[in-house]
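Features reported for this protein in Swiss-Prot:
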ACT_SITE  His248  active site, nucleophile
BINDING   248-251, 359-364, Asp386, 405-406, 416-421  ATP binding site
DOMAIN    185-237  domain 'HAMP'
DOMAIN    245-455  domain 'Histidine kinase'
TRANSMEM  8-29  transmembrane segment
TRANSMEM  164-184  transmembrane segment
Amino acid sequence: MIGSLTARIFAIFWLTLALVLMLVLMLPKLDSRQMTELLDSEQRQGLMIEQHVEAELANDPPNDLMWWRRLFRAIDKWAPPGQRLLLVTTEGRVIGAERSEMQIIRNFIGQADNADHPQKKKYGRVELVGPFSVRDGEDNYQLYLIRPASSSQSDFINLLFDRPLLLLIVTMLVSTPLLLWLAWSLAKPARKLKNAADEVAQGNLRQHPELEAGPQEFLAAGASFNQMVTALERMMTSQQRLLSDISHELRTPLTRLQLGTALLRRRSGESKELERIETEAQRLDSMINDLLVMSRNQQKNALVSETIKANQLWSEVLDNAAFEAEQMGKSLTVNFPPGPWPLYGNPNALESALENIVRNALRYSHTKIEVGFAVDKDGITITVDDDGPGVSPEDREQIFRPFYRTDEARDRESGGTGLGLAIVETAIQQHRGWVKAEDSPLGGLRLVIWLPLYKRS
């Protein structure tokens, strides 16, 4: 097996070219209608018939008035069973031929006229053999044998040889499966590499040993790809560990700050400055909690999955959100509630994902929020619409990044930490789903979540 892709393509090209040239050179010779040499047995049979006909003519005195009759008698007597003999005079007259055969006989006589080198050729269901030289006194005749063809060539084969374009088309059709297989085998490593790259793009950092096989070029690319995946996985693990460690380390001074604030309130009473310190401490505490949640969600091994039904998973989240909306003077409508659709995943992560986008809508809406659920044979689609200020098209892809903030009024004063939607995207992608932002028919932002249904294998 050739290891280099370049050498393999080069070899396939020249092999294909050689096969085409071989076909071009050899196919005409495979046409059974071509002039071919006689076998030794056929040569001996022809010479023996030639001698018998000459002897018969020598024993039959010539008759100037009925000269052709003695020729008929001679060829009829010595014609082999199932075959016929023809005699051609020096003037070109054919003795013993039928009218329907004259065209092919004339064609053969025009190609085979050397008695020292007799040949044979097939014409459909008959075959002509000759010529052999017959002497009759001062006259010379050419003797031909007409017999049934041993294996007549089919009309379709004849059509192929007579029409080169049709032969080319048939050759292309016959060679197409082989060429498709060759193309598939050459492209197979590229498809594997592409699929592995797609998995990495979706956040699935795992090595693919099968990439380190095949042609040398793809083998080297596969090895480099696996090294890259290992480096990315190591970097992501280090980043998540660092994020988790920082969050835990921030807990201690934050706890001390909250304790000091409580002691200061007890001694000095309430004040605007103290209230501001408490507010910022609470926000910092929320941010640390969100960082820890996101760090845990990014580590797939930390997610304990189970089978759960959608209505059991999200009913409480929707009830609580409806109550909060009522307290805020807003309306939350569930157009189509979730049904008993099976999902497989971590209940806490999935519950938190919907809760985050619903709270996001509550936070930024003016008066109205709508939640809808739809299901098909593949998965569940959840839409959350609000009538708030919305998000510009250029910011929609960015709002799922940690700490990303738009230029509008969606800032920290609204109560957010900038991590909610990042947590949502991480959780949904962990469950092989996706989340995206669109314009809402209510005038604000629409967030769409899709999750695959659980199908028992």
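Sequential numbering from 1, following the chain as shown.
Just so you know, glycine gets a Cβ as well, placed from its N, Cα and C.
Distribution of Swiss-Prot features across the structure.
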residue : record                   : DSSP class
His248  : active site, nucleophile : helix
Ala361  : ATP binding site         : helix
Leu421  : ATP binding site         : helix
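Listed in sequence order, the residues of the same chain lying 6 or more apart from Arg251 (ATP binding site) and placing their CB within less than 8 Å of its CB are Ile288. Here the domain 'HAMP' (185-237) has, by DSSP, the following mix of helix, strand and coil residues: 42 helix, 0 strand, 11 coil. The binding-site residues listed here are Ala361, Leu421; among them, Ala361 has the most other Cβ atoms within 10 Å of its own Cβ.
The number of other Cβ atoms within 10 Å of the Cβ belonging to the residue listed as 'active site, nucleophile', over all protein chains shown, comes to 13.
Distance from the CA of Tyr364 (ATP binding site) to the CA of the residue listed as 'active site, nucleophile' is 30 Å.
The number of other Cβ atoms within 10 Å of the Cβ belonging to Tyr364 (ATP binding site), over all protein chains shown, comes to 21.
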